[in-house]
Every structure is written in C-alpha cells, then in structure tokens.
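According to TrEMBL, the protein carries these features:
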type	residues	note
BINDING	G129, E130, S131, G132, A133, G134, K135, T136	ATP binding site
DOMAIN	12-684	domain 'Myosin motor'
DOMAIN	732-869	domain 'TH1'
REGION	560-582	region 'Actin-binding'
Amino acid sequence: MEGALTARDKVGVQDFVLLDAHTSESAFLDNLRKRFRENLIYVTYPLSQLFSSCGGSLPAFAALSITYIGTLLVSVNPYQELGIYTLSQMELYQGVNFFELPPHVYAIADNAYRMMCSELTNHLILISGESGAGKTEASKKILQYFAMTCPMTDSLEIARDRLLLSNPVLEAFGNAKTLRNDNSSRFGKYMDIQFDFKGIPIGGHIIGYLIEKSRVVYQNHGERNFHIFYQLLEGGEEQLLAYLGLERDPQLYRYLAQAHGASESSMNDRNDWKTVSNAFAVIDFTEDDLENLFGIIASILHLGNVCFRENHQGCATIPVINEIKWIAKLLGVQPSALLEALTHRKIEAQTEEVICPLTLENSVYARDAMAKAVYGRTFTWLVNKINSSLVNKEFTKKTVIGLLDIYGFEVFDKNGGEGWEPIQYFNNKIICDLVEERHKGIISILDEECIRPGPASDLSFLEKLEEKVGKHAHFQTRKLAGPNGRKRIGWMEFRLFHYAGEVTYCTKGFLEKNSDLLYRHLKEVLCRSRNGILKECFLAAELENRRRSPTVGTQFKTSLSSLLEILISKEPSYIRCIKPNERKEPSKFDDFLIRHQIKYLGLMEHLRVRRAGFAYRRKYEHFLQRYKSLCPDTWPHWRGPPAEGVERLIKYIGYKPEEYKLGRFIKGFIHRDKPLCPDNEEFVVFVRKNYILNLRYHVPKNVLDKRWLRPPGILQNMQQKAVASAVFRGKKEGYAESLNKPFANSRIDEGDINPKVLQLIGNEKIQYGIPVIKYDRKGFKARQRQLILTQKAAYVVELAKIKQKIEYSALKGVSTSNLRDGFLVIHVSPGANKHKGDAILQCEHVFEAVTKLIMLVKKENIVHVVQGR
C-alpha cells in the first residue's frame with residue numbers, strides 16, 4: 001500500500017477508522033479539511049478490512065476477493081475538474097484490492113463488481129447527501145466505470161451504450177437548476193445494472209420515484225423548470241420549433257418566466273440538446289416517438305400561456321384561444337372539448353351528470369393540474385421506454401449491481417408537502433413514525449383530511465395535527481410553542497425536530513398538493529388523445545374506475561416500501577456526499593456547513609460503531625474458502641460442515657474468545673479489523689511462496705523469450721520523465737519542481753470528449769488529452785479548446801468540432817519559453833494546414849503535454865526552448 005501512495009496521498013488519514021481521536025468531531029472535520037485542500041476529495045470507512053497490502057502486487061491468480069460487510073466512502077464535492085476520472089485511473093483501480101490505492105469512487109465500484117462476480121450475489125451502491133453534494137455525478141462515474149472496464153462482446157456493446165446514454169435523457173426530463181445545484185435531480189432514481197455469469201453487462205432496469213411535478217408550473221426565485229424545456233428552445237431546429245409553434249425566448253412562456261435570475265446557469269442547453277438527441281437515436285426512439293414527445297413538451301408551454309378572465313357571473317372564460325388550438329393540435333384532441341374541460345367541471349351524481357362552470361381560481365388549478373399530470377405520466381412512459389430498450393431476454397440468470405440516487409434533503413425558505421422524503425439520519429425512526437405511521441402519522445392525518453366529507457382546508461389540517469400529534473416531543477406549532485418559540489413559527493406552520501435540527505413546514509397548499517386531483521372532464525379529454533404517448537398514459541379503462549386516485553402521501557409510502565424491499569435484498573456499499581460550501585466555489589471549505597452535514601449523515605456515530613463493534617461478518621463458506629490455506633486441517637479441502645471448519649481454522653490461528661463470535665447459523669464475526677491483518681500477511685506469504693515454487697519450473701530459459709512478464713506500467717512514466725529531462729533540464733523554469741509529479745495518462749476523461757469528435761477521429765486510438773487555451777494568431781484572442789493526441793495526429797477541438805488537425809508528418813517543431821509559463825507553439829510545415837498555420841496554445845501541464853507529443857512524433861530534437869529574458 002505504501003508503495004502505491006505519493007506524499008500528497010498521505011495527507012491526513014485516508015481511513016477514518018485509523019483516526020487517533022475517533023470520537024472527536026473536530027478531528028474528523030480537520031482530517032476532511034486537510035485532504036480537501038490537497039484536492040483529495042475521498043476518504044473511506046472500512047466496514048471490515050480483510051487485506052493489508054504487504055508492498056508490491058500479487059500475481060494474477062492470487063488476486064482473491066476482498067470481503068466487507070459493506071464499504072462507505074465519504075466524498076466532498078470539489079466544484080472543479082480534478083483529472084481523476086480518466087481511463088488510466090479506471091485501469092489503475094481495476095481488479096486492485098480495496099486498500100492498495102487511495103480512496104476513490106472507482107474503488108467502491110470495482111469492489112462491488114468483484115464481489116458480485118466471485119460470489120454471484122446482488123449488490124447495491126447507495127449514494128446519499130444533500131442537494132449539490134455530488135450524488136448524481138458519483139452515480140454517473142460508477143456507470144462509466146462499469147461500461148469502460150467490464151469485459152465486453154461486440155453484440156453487447158449496444159446495451160452498454162444504452163445504459164450510458166439513458167443518463168442524459170433522464171437528466172433532461174428529471175433534473176433542474178435549484179438554488180443549491182445547477183443540475184439537481186428532482187426525482188429518485190434506482191438503476192439495476194444486469195450482468196451475466198462472466199461479469200459482462202447485458203442490460204439494465206430503471207425505477208423512477210416521485211418526480212417533482214409541481215416544478216412544471218412553479219419554481220422558486222432563481223430556479224429553473226426541467227432542463228428539457230430550455231434545451232428544446234435553445235437547441236431545437238427552426239423547422240421543429242415552427243412545427244411546435246414555439247419561439248426561442250424562454251421568457252415568452254409563463255411556466256419558464258416565473259423565477260427571475262434563472263437564466264444564470266452553468267448548463268449548456270444547446271450542447272445538452274445535441275447529446276440528448278444522439279441518445280434518443282441510440283436508445284431506439286422512433287421518429288413518431290420523438291414527434292409525440294416534443295409535442296407534449298411544447299403543449300405544456302402553450303398550456304401555461306392559457307389566460308383566463310372572469311365574466312360578470314363570476315365564471316372563468318378564455319378570451320384568446322390561439323394557445324388552445326396549438327395544444328389541441330399537438331395532443332390530438334378536440335379544441336372545443338379542451339376549452340370546455342378547462343372552464344367547466346363534470347360532476348356525477350348517481351346516474352346523472354352535471355356540468356358546472358369553474359371559477360377563475362379553479363380554472364387556473366385545472367390548467368396546472370393538467371400540465372403536472374401530463375408531464376408526470378410522460379416521465380413514467382419515458383422510463384418504461386428506456387427500460388424496454390435495456391431489457392435482455394436471452395439471459396435468464398443474472399446478477400445485478402444497483403445504484404440509488406435520490407434527490408437530496410433540502411430546507412427551503414418555504415417547505416411544502418410535495419418535497420417530503422425520509423431523511424436517512426442515524427436513529428431517526430421516531431421522526432419517520434411521526435410522519436408515516438399508519439392511522440396516526442402526519443401523512444395519514446393529511447389523507448383523512450383530503451377525503452373526509454364537509455369543508456376541509458389547510459387550517460383545519462393544522463388543527464387536526466395539533467389535536468392528534470400535538471403532544472409528540474418532536475412536533476411543534478405556534479399554538480403549542482412556548483413564548484420564545486412562537487416568534488419563529490407562523491400561524492400556518494408546524495415544525496419537526498429532526499435528528500440534525502429543526503425544519504419548519506408551511507401548510508398552505510398541503511391539501512391541494514396531496515390530493516393531486518385531475519378533474520374528470522380533463523381526464524376524459526386526455527383519454528381520447530391521438531398522441532401516441534398519451535394513448536398509453538391515459539387509458540380509457542381509467543374512466544370506468546370510480547375509486548379516488550391515491551394521494552401523493554400514499555404514493556410516497558408505497559414507493560418507499562417497494563424501494564426498501566429492493567434495498568434489503570442486496571449487499572450494500574455506501575457513498576456519503578458532502579457539499580463544501582453554498583456558493584458552489586472550488587477550494588472553499590465551510591466548517592459550519594460541513595459540520596452540520598457530518599452530523600445529519602450520522603458519520604461520527606457510524607465511526608464509533610465501527611471502532612467499537614464486530615466490524616466483520618461473513619458466511620462460513622466464504623470465510624473458509626478465503627482462509628483455509630492457513631490451517632493444515634482445512635487445507636486443501638474441508639469435508640465437514642463449513643461452521644465446524646471455520647471453528648477449527650480460528651482455533652488454529654489462535655484468536656482469543658473476546659476477539660470473535662460465531663453465529664448460530666451462517667454469520668461469523670471478527671471483533672475490529674486489526675486482528676485480521678497478521679493473518680492476511682500470513683496468507684500473502686503463503687501465496688507468494690507457492691507462486692515462487694511454481695515459477696521455478698516455468699521460468700523462460702532465454703532473456704529474449706516473449707513469455708517473460710511485461711514490465712510494470714510505471715516504466716512508461718519513467719521513460720517519459722527521461723525524455724522530459726533531456727528536453728527541459730536546465731533550460732526551462734519550473735522543471736525541477738515537476739520532477740516528483742508523475743505524468744498522467746490523460747488530463748481529459750474520454751467521456752468528456754464529444755461523441756461527434758470521437759466519430760470524426762475514427763479508429764485512431766486517443767493517447768493523450770488536455771484542456772488548453774488557444775490564441776488566435778491575429779489579435780491573440782483566447783479560446784477554450786481541447787488538445788487531443790492520437791497515434792497519427794494532434795487535434796485542436798472545440799466542443800463537437802475539430803478546429804485543426806496537425807498530422808505528425810507535417811509537424812515541423814515545438815517551441816516553449818524558458819519562463820515559468822504554460823505556453824507552447826506547434827509549428828506546421830509550409831503547405832500543410834495552409835489555412836490554419838501554427839497553433840499557439842497554453843496549458844497547465846506543459847512539460848507533460850510536450851513530452852507526450854514528441855514521443856508520439858518520435859523526435860526529441862524538434863523542441864526549441866526560447867529565451868524569454
């Protein structure tokens with residue numbers, strides 16, 4: 001392990017269990033801070049460590065599975081690119097024992113994958129943290145890791161591509177900019193990645209939970225609607241927008257123009273539209289599917305612009321019906337029927353139907369309810385469509401690795417019922433019961449108030465809460481609070497005292513949001529739609545069902561129960577994501593904010609449990625298989641019951657009774673991680689000894705024999721450093737300081753290169769990539785670019801375009817200054833690239849970039865270091 005770590009990696013403690021002051025929250029926070037300042041954003045909790053590296057790596061046949069109860073990684077969002085997600089990093093962590101390398105999300109992914117393959121068990125990686133902490137990015141990196149490192153066959157590549165490209169589609173329709181996060185997931189997503197018995201990904205399945213439908217019609221100040229609306233307006237072709245009756249300016253649409261300041265977003269909607277369009281093609285959406293889908297998105301924008309006016313009788317009318325015509329065209333419904341459904345309500349009394357006009361307020365409610373219902377069901381259809389493209393019917397026996405990314409806990413200035421979710425605090429059950437206990441919890445009381453006869457209001461709901469749960473120690477209203485507490489609670493508010501602190505909820509709109517009622521008249525119109533998607537979303541059979549639709553609260557409890565069933569059936573690993581500051585600034589570490597997250601994520605309690613408890617448990621069969629070589633009685637085969645074999649093995653090793661416990665059936669427990677380390681060393685010694693004994697009979701007789709093992713990967717880095725020394729030593733400032741910094745295989749993750757660029761590059765294998773600033777030769781205007789090196793040429797890339805291709809055969813030389821800067825000029829021979837000429841670039845790692853380039857060109861003497869002073 002020591003050999004794998006640089007001095008930078010050793011800053012602080014990368015394993016929290018090894019903290020001396022493990023009960024001190026300040027020591028915990030200080031360790032996070034030290035590593036964060038060195039851009040070391042990961043720290044681990046080993047829930048049970050079975051391997052202690054003894055320096056060097058084992059031969060391939062000895063790389064046995066490492067086992068854990070589960071693993072927990074603490075990740076702090078850096079709010080900047082760190083270059084730690086490259087293909088070379090993936091290869092570094094592939095098949096490596098968990099504690100041999102510094103903590104990384106790839107280590108979590110690889111450990112879950114190897115355990116799944118070796119034991120044929122289902123696994124789960126549960127990612128949690130507040131909004132903006134990096135949960136969505138973590139799940140994407142894990143998915144990319146599996147896609148790039150798992151064995152693959154040509155016939156299954158399309159399944160891999162569909163798994164990867166399902167992410168941008170779901171993000172477009174399910175993510176939005178919030179005050180805390182420019183790409184916040186507004187739905188819970190659980191994804192199963194399915195593997196065959198060889199560990200090859202063969203398909204997947206996605207479950208979406210509780211899409212935040214209210215965002216379609218209302219956003220808080222400074223936030224945005226779902227990304228897809230802006231992507232369509234910004235990136236859609238003129239012909240498509242004309243067909244949909246749309247203009248490019250989002251401010252023309254009420255559902256997009258409510259939140260001022262929302263235009264300030266880091267999202268590139270035009271580029272994201274291209275990515276989503278490409279994903280639609282790969283996921284097998286037909287032209288009809290896309291026409292119907294975009295028609296629905298456009299119809300929602302038109303629906304938001306429908307204006308109502310109150311007539312002299314106090315009833316709502318629609319004076320301008322242009323938007324109604326567009327909606328009717330796009331959804332395939334009758335304009336007159338839609339017009340009537342938005343301004344009238346059908347009431348059934350026994351065998352009689354009565355159509356009553358709606359008030360202005362009720363018509364606005366009906367319009368917004370229709371928009372939410374259409375978007376919510378379309379999102380469900382979208383998930384099902386993606387699932388149909390991911391299903392693989394050829395393989396009946398599958399193992400899975402699940403990824404759970406559910407939108408984070410947020411305390412808004414205004415907290416309403418639709419944003420509720422269970423906060424996974426340590427020992428928070430008393431609060432969960434207060435919210436969801438059957439017949440007694442807040443959700444049950446809310447449901448009762450929504451369906452009871454007689455007038456019901458948000459105020460009557462609050463009064464009912466005071467009556468039924470008012471004596472609960474974790475519940476408070478203005479009426480129940482003491483003199484000091486009343487000043488901080490409004491008349492329509494109640495407060496819950498969670499484990500991590502208090503959250504105040506405003507009951508205004510609770511009943512409306514919980515009912516989520518779509519008037520029957522509107523439902524009839526949508527059930528008759530000729531839009532192919534809405535035909536599947538609104539079935540005629542719905543009209544025959546007279547039962548009331550389940551409330552949002554009931555849907556919430558049902559979804560949570562089904563999710564819990566999935567989670568408890570799999571072996572878990574955990575990633576706890578932490579947001580370092582509220583302003584999304586790199587390198588800023590807010591002690592108060594992070595201390596609060598440490599508390600509500602239960603990290604200190606978790607650490608104490610791991611230090612104090614029996615941190616390792618294992619099935620007897622697996623424990624025996626792993627360690628049987630340490631005892632003569634169990635090696636090489638144990639014929640008796642596994643439990644007896646484990647007992648014999650442990651007694652032979654010499655564990656004391658207080659260091660372990662054996663369960664009655666299948667679990668064995670070892671107290672703490674420490675006692676296992678000596679046995680792992682014994683195991684390594686045993687394996688190495690046998691490896692060397694076997695090797696003496698198979699050593700090649702000749703030094704030129706190709707059967708010799710290939711040299712380690714570090715040799716290539718040493719060769720590059722030698723070339724850099726020959727070129728820059730004593731010539732350029734800053735070279736001496738760069739000596740102890742290894743060259744990276746690449747500074748750009750292949751996933752960050754536009755697919756169109758990869759297509760244009762074709763079969764040329766990418767050898768290196770780095771972000772650069774390219775300066776115009778006239779005016780020296782700076783432009784952000786990527787420099788990509790292949791075996792044959794250097795490419796200067798802008799997003800989806802190759803701005804300049806420099807073939808190595810046409811490369812005349814490379815110039816740098818002798819100063820401490822990152823400038824380099826790539827000179828092109830006269831006649832080659834005559835319209836482009838020399839490329840003037842600046843990058844952060846100039847020694848590395850120039851060395852990579854000249855080694856690919858295979859000419860060291862083409863570098864000229866110019867004297868700057």
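Just so it is clear, glycine is given a Cβ too, placed from its N, Cα and C backbone atoms.
The predicted model assigns the region 'Actin-binding' (560-582) a mean pLDDT of 87. The Cβ neighbour count for T136 (ATP binding site), using a 10 Å radius and every protein chain shown, is 25. Secondary structure counts, DSSP: the region 'Actin-binding' (560-582) has 9 helix, 8 strand, 6 coil. Around the Cβ of G129 (ATP binding site), 25 further Cβ atoms fall within 10 Å across all displayed protein chains. In three-state terms derived from DSSP, E130 (ATP binding site) belongs to neither a helical nor a strand segment and is classed as coil. Residue counts for the domain 'TH1' (732-869) under DSSP, split into helix (H, G, I), strand (E, B) and coil, are 29 helix, 53 strand, 56 coil.
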